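Peer 1: Sharing a structure, written as structure tokens. Questions coming.
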Amino acid sequence: SLKMKKWGAGQFWGLGTEYDPEFLLTSEQKKLRDRLVEVCRTKIRPLAIENDRNYQFPRESIKALAELGLLGLIIPKKFGGLGENHVCCSAIVEALARYGCAATAMIFCMHMSATSVLLYRYHSNPHIQALLKRVTAEGLLGGVCASDPATGSHDWFPLSSKVRYQDDNTMRLLKYGSWCTSAGFADFYCIMTISPQFTNNFSALSFFFVYKDEIRASTDDWSALGMHANQSGPIVVEGVFNTDRLIGSAQDGRKIMEECVDAYFLLLTSCVWSGIALGCLDLSRRHVTQAVHADVGMRVCDYPVIQDYVGESVIDTNTTRSMNYLLAQTLDVTTDNNNWDIHSDVTLTPRTLNVHWLWQLKFSAAKNVSNVTDRMLQACGGAGYKTELGLERLYRDGKAGWVMAPSNEILRNLVGVSALNGFTSIDLWEEMSNERLLQREVKKMTLEEKEKLGKKLLEEAQQEREASEGTTSKQHPYQDTDFLNPFNTAPPAALSQEIKTTDGVIHKAALKPDQWTSLSLLSRHNLTDKIAAFTFTLPNPTDHTGCYPGQYVTVRVMINGKEQIRYFSPVSPPDDHGKIELVLRYETQGLISNYFRELQPGGQVEFQGPCGGLEYTEGSLDEVTVVAGGGGVTPGVQLLRHLTRNPQDTTKMTLIYYAETPRDLLYRDELDGYAKIDDRVRVVYTVGEGGEGWEGDEGFINTQLLDKYITKPNAIKHKVVICGGPTMSISTLYSLYQLGFPPQTVFIYGQFGVEQVKAVYGRQAALASHTCH
């Protein structure tokens, strides 16, 4: 007879304890695990269905974990935590995914990774010590963000990050993260960036911690196959922070990533995948032992094929679990039972020695859960396909295992490369060349192609040599010294002079680059259900903004006694007298976003500007091409408004604009109007999904689309302006490179533009200026 577990007042209907490694846990760890199972039964499991259905963050489930003290599971007892080891962590995460909610278990994994990062370098940082005490006392939830939108979410290459020392006590920081579990819902985040001592080496990494009110996050668009309650989404961290937010030294990021984030994430997410597999086996056992085929008088579990499905799945799952617990034990041995005090010696990285084993574990666990969910669906037939059984939700959640970073494609490659060629051959930061591959590719080239490539390589080598020797540089000395405006060759110029129009009216500049001006909201209107336009009145109806076309401004509001700043590229050109119009995308979490959401006509916001951006001047260029995505179209709208109001300007302008759907194209009617009445203007739309009646292009902005619409490099003075997120910007740059556009013709809005250009064109690439000259 089966040895059954308790489930409330009765017996558990799934697999018995004889298939659980109870012998690995201490009596106290078993009690803790059993208390969690009961909370899963009474609170977390019932909420899982609703949270999955409604894409609802599992706040109540997290609160239940906090009440058990589990948010402090690995935090030492001196900080109020439970001080548990890796084996206990594995058992807790597996139980949470199996008996409760897989999405909540994944959120908990990210929390554990975040607390491990803090614990690794708490020893000399009082701020971190205080935060660790708050985690347990207040039930604070943590998150980790290391992914990057410009590098395929690779968590080791934060191209879209920037950190600079302001002085001895403060740093200016900007981080774009493409994926973050609990985005906007966690109470604190550990984020990975380049080092403030960055010297063109992306393996020099840093970690910082920030709080919920210091990030911007958007999860309204979170829609996925499974893990619905995770609320994964992009986050932005921007501001000036004290140096005590730095975790460890400025060069500790790589150690932290391998020793803490990789170790805990790979170990514990593997427990999630095993927990899901076990959950599927539990549900399937209950169904097949109860279901009867009346026509043959047999229970479903009596069929040999069903027994084979279950038997194979139990064996495969327990093989993965065995590896999981073996590695947890290994980590306990190498860390003195998860004793964080040993890391007062900053050179110790004991977990890192086993990371390649954890790669294999994650691969195996993710592969297994994919196979087990398939088999159990087949075993349960039509009943499993229906949502009532609960197998369908676990099936969807389990499919996340294969693709979740590091994906199984990456992991098997890392293992294969290291097994065949050694660990030194793993080149995460593009620091080594593969000469055999180069020789193979060169042999395929014609003589003319070899001569062309050779000439190009010699020119690049000469440029790099001259730059390294300091004899010449294609980069202006001022460029990349301004944190906000890396292309600038000088501080932003202001259009501060009075302008007299043909009607005799004198127009004064309303905004100043070095002082704040309070403006009143005149009106607001929704452009989409998530994006709104806000029009503010300038102090006088005859005022102009004081900005050149293409420049952006800064807004400031005070929230809870703290200054909050945000940068906006207005759609209003300087000749839009008496007003300035901004566009804002509402975010799930963002103090200024929430402030604007509640702002009513008459409300006050402080403005300062110009603060940077492109400085467009009439007649300086023959042609401008603006490549924009989503809300990034605002500089393009401003430039087109200015151009079409100035018939003496001979510049031609093309806007290539991408949005998800036609209804997401902002200012479409206005843009269409310009294209119809002005021969200098051409507007090209491309959308992800066109639908019935759509006659424009479909698909992302790529090389083929640009080749179709953009004027190729020639003798004309042509500037390409990119306005979009990091993913679109880097993709567009690669296309422009293939089409022969030199880097000095490409200007990118945003603080990462120079690094993006260098990533495509090389470290010594000549850079575009912020002006049109």
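Cβ from N, Cα, C; glycine included.
Feature table excerpt (TrEMBL):
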type: BINDING; residues: Arg566, Val583, Ile592, Ser593, Thr634; note: FAD binding site
type: COMPBIAS; residues: 469-478; note: compositional bias 'Polar residues'
type: DOMAIN; residues: 514-617; note: domain 'FAD-binding FR-type'
type: REGION; residues: 461-487; note: region 'Disordered'
Peer 1: Restricting to the same chain and to sequence separations of six or more, state which residues have a Cβ under 8 Å from that of Val583 (FAD binding site).
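Peer 2: For Val583 (FAD binding site), the qualifying residues are Leu527, Ile531, Ala532, Ala533, Phe534, Phe568, Val571, Gly631, Thr634, Leu666.
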Peer 1: Could you give me the DSSP helix, strand and coil counts for the region 'Disordered' (461-487)?
Peer 2: 9 helix, 0 strand, 18 coil
Peer 1: For the region 'Disordered' (461-487), could you work out the same-chain residues 6 or more beyond its ends whose Cβ comes under 8 Å from its Cβ atoms?
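Peer 2: For the region 'Disordered' (461-487), the list is 162, 164, 172, 174, 567, 611-613, 744, 747-748, 751-755, 762-770.
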Peer 1: Just to be sure I understand the packing, how many Cβ atoms besides its own are within 10 Å of the Cβ of Arg566 (FAD binding site)?
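Peer 2: If we count other Cβ atoms within 10 Å of Arg566 (FAD binding site), we arrive at 20.
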Peer 1: If you draw a 10 Å sphere around the Cβ of Ile592 (FAD binding site), how many other Cβ atoms fall inside it, taking every protein chain shown into account?
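Peer 2: For Ile592 (FAD binding site), the count of other Cβ atoms within 10 Å is 20.
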Peer 1: Need one number: mean pLDDT over the domain 'FAD-binding FR-type' (514-617).
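Peer 2: Mean model confidence (pLDDT) across the domain 'FAD-binding FR-type' (514-617) is 94.
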Peer 1: On a count of neighbouring CB atoms within 10 A, which of the binding-site residues Ser593, Thr634 is highest?
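Peer 2: Output for this query is Thr634.
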Peer 1: Taking the residues Arg566, Val583, Ile592, Ser593, Thr634, which the record names as binding FAD, find the longest CA to CA distance and state it in Å to the nearest whole number.
Peer 2: 19
